[in-house]
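K.L.:
Feature table excerpt (TrEMBL):
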- B:13-183: domain 'Cytochrome c assembly protein' (DOMAIN)
- B:21-42: transmembrane segment (TRANSMEM)
- B:54-81: transmembrane segment (TRANSMEM)
- B:93-115: transmembrane segment (TRANSMEM)
- B:127-147: transmembrane segment (TRANSMEM)
- B:159-179: transmembrane segment (TRANSMEM)
- B:199-221: transmembrane segment (TRANSMEM)
């Protein structure tokens, strides 16, 4: 399923930050978002994930296709690694819960930590668990916001492999990141989409 | 020309600026005339003595306390349906005015209750309902103050106003059921024989109009303030965005 | 849906989940009341239904800020919002979990605390019934309040301020049932009203809570 | 004019109510003026910057 974004404008705190963003992500490809801090990468990702409404433009092919991984991993400290994954698999209603969970554990080298409470994981291990969550959702489009934060070099390598496998099996991904993951796909620099400031005298409904 | 043109903040500001002096003036004159008439030129009631003069404050403020909430409800619905910013800001502007009106109604009622019922406070259904109404006003104002993003605040307070209205009505029935009460029936009504005498009702009508005009003036002025505050925030946010 | 309820229950019962806090709070309130009003058993018997209702209500209120805030902080709420479950179902499950972990134990223990307050013999049944019927409304209304204040720092006090006026009708009818039951009077009218409020809140408020949550998540 | 034995009651209600009303009006206007001034400052700054 192709994700098509046309002429999208996104707002942060009622102010448009990016406008006229258009792209398409076909299965098997990844879109890497680039741009300086504060340009609106997170806002764009949240809008595409359906967490906030678009200011203008359209998003097609996103409904019930997206697994979203934010800065926060949504882990419960008192549940074990396996229980955390199992919960998300159940919430997303996949059929073979146990199988998918053990697959995801293997993908991110978490098998030895499977029964440890998430509270006792290191920051990098938590991040790996948060990313492993994407795999158990069964959703084809992965949207990731700075996924490699607090991962070491070998974990980043491993993560890149998992995403590459996901792409090869017909999935797609949209990633905001500063490092080069060597994935097949296109890069999109958001700097050119930055919304131009409006005229001050144009005192309209947005108070600007 | 459509009424909705005033939903444009700039249009609202210029128009309200033009009519406000008139509304302030009318409000001041009517309220003053009503209160002076009521205070100096009405006889004492045979039963309540001079305390009857309190109704010229008590009844109009109670009326406006309820009407202010109705206005907020209406403005909230307009915001939810049509998303006119001015509407949401008008609701925000009306809340403190409504809260003060509620306090006036409660305080005048309590002071009047002291010689009449022999107690400052009675858990009478009407007094209790007003106390609950006051709590609703407090919650509503506190929610506006607590939320940073103005659109989020407008959305959340509108929904609180809708839900709160339903529960306020429920509370009214619950309180009626819970205590039948000492409070007299409505002071003014169209079909009752025991309507209060004309000597009292005429200045009372003037006071009610005066309070309504005062409410209008306050809300128009405060909405203007809220619009400016909103624009100020937007400008500051934009400056920050430009770095 | 069941998975969400199951997880919330699991979290509540594990260490640090806060299960039992509400119960302890309820116990303490009820124990403190006789110290404050004096030990006369007739007086205690008269105020027992009201004290038990207020204690239960406050214990419910105390635990409300955990209903959604924890999931908000660790990002679960964002992730849940992108899940196939509608938000209405999510908030309903959250209210359910709150009711099971907080309100239900209060209902169960209330007759025991009734003994401490010399609740008259006929009152026990109606006390339990009124709490059983009324506490779901408290949980659902509380979830609405929690949804309103979920993104706010120090939202706890604001949450109480918003929720308490909304609790007024439930408290009045609930305590009335318990009081009339204890006095041996007819309870039908307040009982019907209480059931009506609970049913209506359960039916309507999840939509309001979900709408509020959607606004808070964006 | 004679208020009789209820003079205190009547006078205190009028005093409290008028104080509240006048306080509300004064507060409203002071706040309005303050915000008006601040906004003007920011608008001017915007014109110089932009």
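Keep in mind that glycine also has a Cβ here, set from the backbone N, Cα and C atoms.
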K.L.:
Any contact between the transmembrane segment (B:199-221) and the transmembrane segment (B:93-115)? By contact I mean 3+ C-beta pairs closer than 8 Å, pairs at least 6 apart along the chain.
P.N.:
yes
K.L.:
Can you name the far-off residues of the same chain, 6+ from the ends of the transmembrane segment (B:21-42), with a Cβ under 8 Å from a Cβ of it?
P.N.:
52-53, 55-57, 60, 199-200, 202-211, 213-214, 216-217, 220-221
K.L.:
What else in the chain is close to the transmembrane segment (B:159-179), if you only count residues 6 or more beyond its ends and a Cβ gap under 8 Å?
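P.N.:
That would be 69, 72-73, 76-77, 80, 91, 123-125, 128-129, 132-133, 136, 139-140, 143.
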